[in-house]
Amino acid sequence: MLQLKTFPKGGIHPSQQKISAQASITYGEIPKQLLIPVNQHIGRTANVVVKKNDVVKRGQLLAQASGFISSNVHAPVDGKVMKVFRFSLLGGAIGEVIQIQPDEPGKSYREVLEQDVELSVDLNKLTAEEIRKRIQEAGIVGMGGAGFPTHVKLSPPPEKKIDALIINGAECEPYITADHRIMVEQPAQIIQGIKILKKLFPEVPVYIGIEDNKPDALNMMDKAAAREEGIFVVPLKAKYPQGGEKQLIKAVLNREVPSKGLPMDVGVIVQNVATVLAIRNVFYHNRPLLERVVTVSGSLVEHPGNILLPIGTPVSYIMDKFNIDRERVRLLLAGGPMMGRTCHSFESPISKTTSALLFFDEKAFVQRQENPCLRCGNCVSVCPMGLDVAIYVQMIQKNKLDDYVKEHIMDCIECGSCTYVCPANRRLVHWMRLGKRIIKREN
């Protein structure tokens, strides 16, 4: 029997709740209004290049990257710019949005996509410079949650020799199944995207990491990859946070990214499967990043599913689509229950990084009393980075961040495993995040 690969340190096994795993991707309609966030990425905020009353076409530039580590933003549909203003984003932050009134509200987004002509792509004619430039122009960012501009990731310094690419199909967070469905339904298209990446790094092997709780995705991707040279599917043990970059690299290649280091420091570049598909669409449809698949699930969703929506779709549209009772929503999460962020407005829009929206009622959301530390060590044993979480949190609470803590706390990946296992119900990951912010401010 094939031994499943995984990372050695820590990890947990939360209830998977992959209720929507067998729900095929459906297509939403164009809502009555779109609120396009200007900043959907790590790095400098893009500069808005449209104004009120401008008529825009699908794929037109709305906001231009303001530096190398920044990202373009485009119009998902034809319409008219109503205004540019600051608004509540998913996760609670306030940011600039561009309000667009679509020309054809109610039209199936599937019809919109069907209007895109599939282009013939000759990979032999594509240069590495052209590939990076087109990915940059298309506003492609990491769609697994971080939103790091993809062209930056694909442009390592000359001294960083890349000898492996890893495609992240782990999707280890409970509830989320968007990547799962992409792999099941569009394996050939993902392979096309991978072959474009291979043009940037010739002769470099590509490993597609998929957890073993997705046998259909493993099967479909394995069949698609079998016809290609240098592309390998790697079955992974279902364990959280298997999808973390550092954990994935350790599992697949047995390489350890150094403290404060990046995957390129060990010769690796990691890309999410949805990002790879978006790269494919740049070349095969001349399409910027305009839409994404979102898992809609939680205790208030009678029929959980995966839906393809234009960027900027308000949460309220999704609630109507899935018949979610607003009065019963006790908790709304953007992302999964482990690393997702609480949302406070039903009018907040989805962005390039919104993998899931989870709706929970009073029964499903129990806020437990926080108690003093029991010194049990559970948080330390499950930390995938091997951090002394309890000690670090104590130092943060006392505002006594010595050099040792400052040196290591930045390695925290904020996976939430420590909070999950704490018998005292301590919000450990909250304090770790706070400590990291304090150190960043000091620097």
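Placed from the backbone N, Cα and C atoms, the Cβ positions cover glycine too.
Using a Cβ-Cβ cut-off under 8 Å and counting only residues 6 or more beyond its ends in the same chain, the domain '4Fe-4S ferredoxin-type' (362-386) has close neighbours at 7, 9-12, 241, 244, 246-247, 298-300, 328, 330-331, 393-394, 411-413, 415, 417-418, 420-428. Residues or ranges marked as domain '4Fe-4S ferredoxin-type' in TrEMBL: 362-386 (among others).
Marked as [4Fe-4S] cluster 1 binding site by TrEMBL: CYS373, CYS376, CYS379, CYS422. The Cβ of CYS373 ([4Fe-4S] cluster 1 binding site) has 15 neighbouring Cβ atoms from other residues within 10 Å, across all protein chains displayed.
The feature [4Fe-4S] cluster 2 binding site is assigned by TrEMBL to CYS383, CYS412, CYS415, CYS418. Other Cβ atoms within 10 Å of the Cβ of CYS415 ([4Fe-4S] cluster 2 binding site) number 26 in total over all chains.
Taken from TrEMBL, the feature domain '4Fe-4S ferredoxin-type' applies to 403-432 (among others). Note on the domain '4Fe-4S ferredoxin-type' (403-432): residues 10-12, 14, 240-241, 244, 246, 259-260, 338-339, 368-374, 376, 378-379, 382-385, 387-393, 395-397, 439 of its chain, located 6 or more positions outside it, place their CB under 8 angstroms from a CB of the stretch.
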Site of maximum Cβ density within 10 Å, from binding-site residues CYS376, CYS379, CYS422: CYS379
Helix, strand and coil residues within the domain '4Fe-4S ferredoxin-type' (362-386) as assigned by DSSP: 5 helix, 0 strand, 20 coil
Nearest recorded site to CYS418 ([4Fe-4S] cluster 2 binding site) by CA-CA distance, among binding-site residues CYS373, CYS376, CYS379: CYS379
Cα-Cα distance linking CYS415 ([4Fe-4S] cluster 2 binding site) and CYS379 ([4Fe-4S] cluster 1 binding site), given in Å to the nearest integer: 12
